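Here the structure comes first, spelled out in structure tokens, and everything after it is commentary.
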Amino acid sequence: MLRKNKILIFKYFLNLINGAFLVLGLLFVGFGTWLLLDRNNFLTALDENNHFIIHISQILVGMGSAIVLLCLLGYLGINKEILWLLILYAVLLVFAFAVQAIVSALIFTKKEEVYQLWHDKIDLIISEYGSKDKPEDIPKWMILNALQKTLKCCGQQNYTDWIKNKNKENSEQVPCSCTNSTLGKWFCDEPLNATYPEGCDSKISTWYDVNALTLSGINLGLLASEILQVSLIISYFRHIKNRIYVEM
């Protein structure tokens with residue numbers, strides 16, 4: 001009876017952690033699909049050929065699908081007490097641990113490349129912003145407006161970045177999104193003290209640093225849960241194996 005209770009406890013905790021992984025996998029698949037289909041996100045403005053977005057989406061969908069498949073194998077192995085599936089589940093969890101660690105390292109090491117991509121593209125968007133000859137770029141301008149309005153920033157470094165724009169009626173104008181104005185125009189005549197003083201570069205860098213710490217914490221939690229899951233599987237495997245020998 002005692003052995004049976006231990007096995008039920010192992011099943012409960014294994015299914016609990018496995019369920020959390022399943023939800024995570026579905027979130028990855030959903031977010032990757034949304035990123036690929038949504039044409040109005042900020043990454044679209046940075047990557048007009050969509051190569052960058054497609055790569056990120058494929059990684060997210062691939063990781064999510066692999067996690068979902070892994071969880072289904074784990075569910076069968078845990079509840080049906082199939083020993084070879086439990087072994088496969090444990091091995092795949094170790095592999096997922098290694099892949100996750102590598103992907104996490106890449107996210108941090110690629111920060112400078114993403115920053116350079118942002119810097120080059122936003123320079124181009126700022127120079128062409130509001131041009132009557134480029135109506136196809138309106139979605140990019142609207143995304144930039146949303147970014148400046150949400151983060152309360154103006155330009156890359158500050159409002160002087162908009163001097164290079166030649167589509168204004170006069171040199172003193174700035175985008176309405178650089179101010180508290182609610183006018184539905186590209187440019188507004190606002191005094192400098194009504195313009196957001198900080199550039200979007202510093203705002204995004206601060207946002208990244210804060211969220212990088214959060215992501216690191218989540219990542220460490222996931223890695224710890226994977227180690228816990230593997231240790232529980234090993235103990236569960238031993239109990240099932242011992243029970244089979246006793247019954248024989």
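Quick reminder: no glycine exception, Cβ is built from N, Cα and C everywhere.
Sequence annotations record features per position, and here TrEMBL assigns transmembrane segment to 12-37, 52-76, 83-108, 217-237. The disulfide bond annotation in TrEMBL covers CYS154-CYS176.
CYS176 (disulfide bond): 20 other CB atoms within 10 A of its CB, across all protein chains. By the Cβ criterion (under 8 Å, sequence separation of 6 or more), the transmembrane segment (12-37) is in contact with the transmembrane segment (217-237), since 3+ such pairs are found.
Long-range neighbours of CYS154 (disulfide bond) (same chain, six or more residues apart, CB within less than 8 Å of its CB): GLN148, ASP161, TRP162, VAL174, PRO175, CYS178, THR195, TYR196, PRO197, GLU198, GLY199, CYS200.
Through the fold, the transmembrane segment (83-108) approaches residues 59, 63, 66-67, 70, 73-74, 76-77, 212, 215-216, 219, 222-223, 226-227, 229-230, 233-234, 236-237, 240-241 of its own chain, all at least 6 residues removed from its boundaries and within a Cβ separation under 8 Å.
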